[in-house]
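Asker: Before I ask anything, here is the structure I am working with.
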Amino acid sequence: MNKGWLELESDPGLFTLLVEDFGVKGVQVEEIYDLQSKCQGPVYGFIFLFKWIEERRSRRKVSTLVDDTSVIDDDIVNNMFFAHQLIPNSCATHALLSVLLNCSNVDLGPTLSRMKDFTKGFSPESKGYAIGNAPELAKAHNSHARPEPRHLPEKQNGLSAVRTMEAFHFVSYVPITGRLFELDGLKVYPIDHGPWGEDEEWTDKARRVIMERIGLATAGEPYHDIRFNLMAVVPDRRIKYETRLHVLKVNRQTVLEALQQLIRVTQPELIQTHKSQESQLPEESKPASSKSPLGLEAGRTPVASECTQTDGAEEVAGSCPQTTTHSPPSKCKLVVKPPGSSLNGVPPNPAPIVQRLPAFLDNHNYAKSPMQEEEDLAAGVGRSRVPVRAPQQYSEDEDDYEDEDEDVQNTNPAIRYKRKGTGKPGSLSNSSDGQLSVLQPNTINVLTEKLQESQKDLSVPLSIKTSSGAGSPAVAVPTHSQPSPTPSNESTDTASEIGSAFNSPLRSPIRSANPTRPSSPVTSHISKVLFGEDDSLLRVDCIRYNRAVRDLGPVISTGLLHLAEDGVLSPLALTEGGKGSSPSTRSSQGSQGSSGLEEKEVVEVTESRDKPGLNRSSEPLSGEKYSPKELLALLKCVEAEIANYEACLKEEVEKRKKFKIDDQRRTHNYDEFICTFISMLAQEGMLANLVEQNISVRRRQGVSIGRLHKQRKPDRRKRSRPYKAKRQ
């Protein structure tokens with residue numbers, strides 16, 4: 001039983017794979033880099049690695065020291081999972097089991113569930129024997145250890161091999177029944193550190209206890225001693241991101257439905273024009289080369305005829321009223337004119353035909369790079385160049401739908417989301433507040449297509465795509481990566497060094513390249529598109545049009561949105577009839593440290609949407625009715641969150657792959673390669689020279705520097721002369 005267990009390294013990737021080999025689902029291990037910062041998210045337990053002190057190096061004996069913090073009550077000790085370590089080199093598995101088997105809401109799998117049920121009520125010593133007699137645990141443990149050398153160095157008689165090297169030990173910090181316990185398999189009793197404060201989490205107290213322990217061991221030195229290492233057992237972030245993505249995609253569909261419903265109420269004539277437009281699609285699909293230049297100008301005439309009389313094409317969009325959207329569908333199509341053409345003259349060449357993508361990809365530019373947008377702007381593709389009118393002041397309570405309808409999506413590449421006028425030439429303006437309305441009859445068609453794509457996106461299993469396609473029109477996960485901020489090579493960095501959710505010193509390449517982080521240019525580009533570039537105008541528009549984002553943004557990824565028949569959009573308040581527990585139950589489980597409040601809320605709202613029975617028990621909170629501009633701002637917020645979680649999920653998947661690569665490098669046996677390489681050197685006649693060179697270098701390096709500068713004193717001892725044979 002006590003033979004064959006190998007020593008494991010303190011690596012979060014190794015522990016994560018070990019958890020999977022145990023059969024546990026939904027759990028991973030992260031490394032803690034900073035004890036001063038608060039832990040984000042739920043934590044099941046801490047695994048602390050420290051250097052084993054001299055008088056306790058014998059790993060085969062359990063320490064019998066007892067102090068005031070030791071729990072000697074057999075009922076308390078036997079009801080928790082606390083096992084004595086009776087096997088050398090098994091402290092890593094003991095520490096991991098001490099965390100997992102003391103959590104009530106973790107899917108342990110068949111192996112650990114059987115272990116927990118079998119050892120229920122056992123003494124710590126009996127539980128230690130149970131671990132030693134579990135071949136599944138030993139096999140999983142040794143599968144992630146480095147191979148032992150074939151020939152061990154000769155041992156001195158009476159000296160243990162453990163004493164010849166530095167020994168490190170793992171212990172666990174776990175919250176049980178509202179109190180923080182330290183579970184050390186080499187101690188006879190668990191250590192009770194007491195309860196934590198009402199206004200703090202159990203992790204805060206655990207960090208204080210660990211910092212005090214490190215401070216005592218290092219005699220007050222800074223708390224970054226390399227002899228210590230701390231890891232946290234946390235929920236699997238892949239499940240969290242997948243659940244968030246599901247909720248966000250459902251909410252995206254709800255926002256699109258609300259936007260479509262609002263347009264149907266405010267612009268009922270668009271439904272009729274949409275039907276007539278579909279009947280005239282064959283006429284519009286004719287090649288543009290068959291039309292004369294006069295025919296191209298005729299397509300623009302109805303738009304300009306209803307505007308205020310102007311002298312040139314540069315003032316067309318300056319004062320168009322809302323009635324421009326009521327023009328017949330056959331004449332409302334705008335065509336991009338070459339820069340050299342004029343309104344009254346015939347262009348020298350026909351207008352170029354712009355290759356159009358599908359409707360949802362053509363204008364759904366939330367994830368489009370701003371550099372690409374500027375290139376299109378410089379090339380004259382998709383935007384017209386007309387002077388800007390100064391923005392007009394308006395009151396806070398007026399509902400100017402002429403200004404708010406500007407951001408509705410359109411299939412025409414010549415009309416995109418226009419930013420508000422800031423006094424600079426080159427941007428479009430409206431008669432209401434300096435913007436061109438893009439609410440055209442084919443807006444309903446675009447929203448219908450997006451609703452269909454959103455429904456398809458919900459029905460398809462979640463997968464990570466590195467390029468935008470028909471299945472995910474709005475999500476473009478970046479494939480490029482930036483190097484780590486520290487001078488390191490990604491091929492040599494372990495996956496645990498690349499990034500961690502707990503204040504990692506190295507940043508993930510995918511997160512560094514994520515375009516939807518708060519400081520990214522895409523987020524600022526979206527805000528510029530919505531609210532303009534002027535700071536004062538930005539503040540005013542944030543108050544006016546960012547109301548939906550301010551109200552629903554905090555819960556957009558954790559709760560479902562409810563759309564009423566009257567267009568009121570509100571979050572759902574889940575009752576206790578759902579699968580999740582009530583707040584009181586949640587708080588009691590939170591005292592055990594393994595509740596996972598954030599993840600449970602997400603699971604609750606997801607199941608309430610998937611299951612009709614749970615959906616009926618959900619009650620919508622008081623909501624409000626938002627304008628089209630506010631709904632579009634909320635839609636862009638949802639799209640940014642989706643892109644963000646797609647990138648985070650892709651990062652977790654890539655990190656898990658690197659965990660496996662590091663594990664293969666760690667457990668691979670290089671003896672055969674080394675033997676083959678040495679034999680090849682011997683065949684080439686190079687081995688003898690290399691051995692002589694290395695031996696001579698070692699001899700020169702082995703001379704003490706102090707002896708080189710030491711003055712030699714004359715030897716005054718009398719030396720005997722060599723014996724010479726007398727001649728006979």
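Just so you know, glycine gets a Cβ as well, placed from its N, Cα and C.
Features from Swiss-Prot:
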ACT_SITE  Cys91  active site, nucleophile
ACT_SITE  His169  active site, proton donor
DOMAIN    4-235  domain 'UCH catalytic'
MOD_RES   Ser292  phosphoserine
MOD_RES   Ser369  phosphoserine
MOD_RES   Ser395  phosphoserine
MOD_RES   Thr492  phosphothreonine
MOD_RES   Ser520  phosphoserine
MOD_RES   Ser536  phosphoserine
MOD_RES   Ser584  phosphoserine
REGION    641-685  region 'Interaction with YY1'
MOTIF     363-366  motif 'HBM-like motif'
MOTIF     698-721  motif 'Classical bipartite Nuclear localization signal (NLS)'
MOTIF     716-723  motif 'Non-classical PY-nuclear localization signal (PY-NLS)'
Asker: List nothing but the one residue from Cys91, His169 whose Cβ has the fewest other Cβ atoms within 10 Å; the candidates are the active-site residues.
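Answerer: Counting other Cβ atoms within 10 Å of each of the active-site residues Cys91, His169, the minimum falls on His169.
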Asker: Which numbers of helix, strand and coil residues does DSSP report for the region 'Interaction with YY1' (641-685)?
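Answerer: When I sort the residues of the region 'Interaction with YY1' (641-685) into the three classes, I find 40 helix, 0 strand, 5 coil.
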Asker: Pop the Cα-Cα gap between Cys91 (active site, nucleophile) and His169 (active site, proton donor) into the table, whole Å please.
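Answerer: Here the two Cα atoms lie 6 Å apart.
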Asker: Averaging the per-residue pLDDT over the motif 'Non-classical PY-nuclear localization signal (PY-NLS)' (716-723), what integer do you get?
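Answerer: Looking only at the motif 'Non-classical PY-nuclear localization signal (PY-NLS)' (716-723), pLDDT averages out to 60.
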